[in-house]
Amino acid sequence: MHRIAVPAAKGAPTAQAPVKVAARNLDFYYDKYHALKGINIEIPEKRVTALIGPSGCGKSTLLRIFNRIYALYPKLEARGEVLLDGENILSPKYPMNRLRSKVGMVFQKPVPFPMTIFENVAYGIRHHEKLSKADMQNRVEHALRQGALWDEVKDKLGQSALGLSGGQQQRLCIARAVALRPDVLLLDEPTSALDPISTSRIEQLVEELKRDYTIVIVTHNMQQAARVSDYTAFMYLGDLIEHDRTETIFSQPSKQQTEDYITGRFG
């Protein structure tokens, strides 16, 4: 039986990490379509949690609920609770600007803004904070360093971000997301449009970033989930089937559906 090789534990302490994000009895509807069904999940702080499952299972939908990006579109409704540090972000009283600063997101395809590299990173900061020129320069440099991009762009910050390679653009998007110093970083298949070398660099970056951020990553690549995550959640047809430590999910899953998926029997 084919199984995914899971790397040795990546230095995470054995003690239970504090819960950063928790979904409680979460349902989601696309108009009348019931896309997520009673999801209950706890996302540990400063760990990487991977969401896996076949296309259409609800993993990207769940990710988008964590920052309420669905609220930009009509006829979409979430019911239940999503707690960030114990506060329900689905409450109408929870400020959207606050949520956007606390939960960053990087999408499947790099989406640099049509402006300079510097302004791409500074853009979000300007909307949330008033910094001096020197402080802004320091913040942009720090974000680009966290995005593992500084050494490649430090001499061309005034050039268009559209001239960067695909892998560089995605790291720029990560730098732009962390520039606001969020608590949580959401990654929606961040390497699916990249070559193997760029993919490897992003995976290394994820490992580095979890020292400072709680990370949730959606991936169709089970080998990637095994490499980068501390915890893995398997979803199927809008249900959360199983959620456990990654080494457990890939070596001793408790549910037959999980076993069938990771061994390639369906998906």
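Think of each number as a place in line: the chain as shown, counted from 1.
A Cβ is built for glycine as well, from the same backbone N, Cα and C atoms used for every other residue.
Listed in Swiss-Prot:
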BINDING   Gly53, Pro54, Ser55, Gly56, Cys57, Gly58, Lys59, Ser60  ATP binding site
DOMAIN    21-262  domain 'ABC transporter'
Residues within 8 Å of the Gly53, Pro54, Ser55, Gly56, Cys57, Gly58, Lys59, Ser60 Cβ centre (excluding the ATP site residues themselves): Thr61, Met235, Tyr236
Proximal but sequence-remote residues of the same chain as Cys57 (ATP binding site) (Cβ under 8 Å, at least 6 apart): Met235, Tyr236, Leu237, Gly238
Which of Ser55, Ser60, all binding-site residues, has a Cβ with the fewest other Cβ atoms inside 10 Å: Ser55
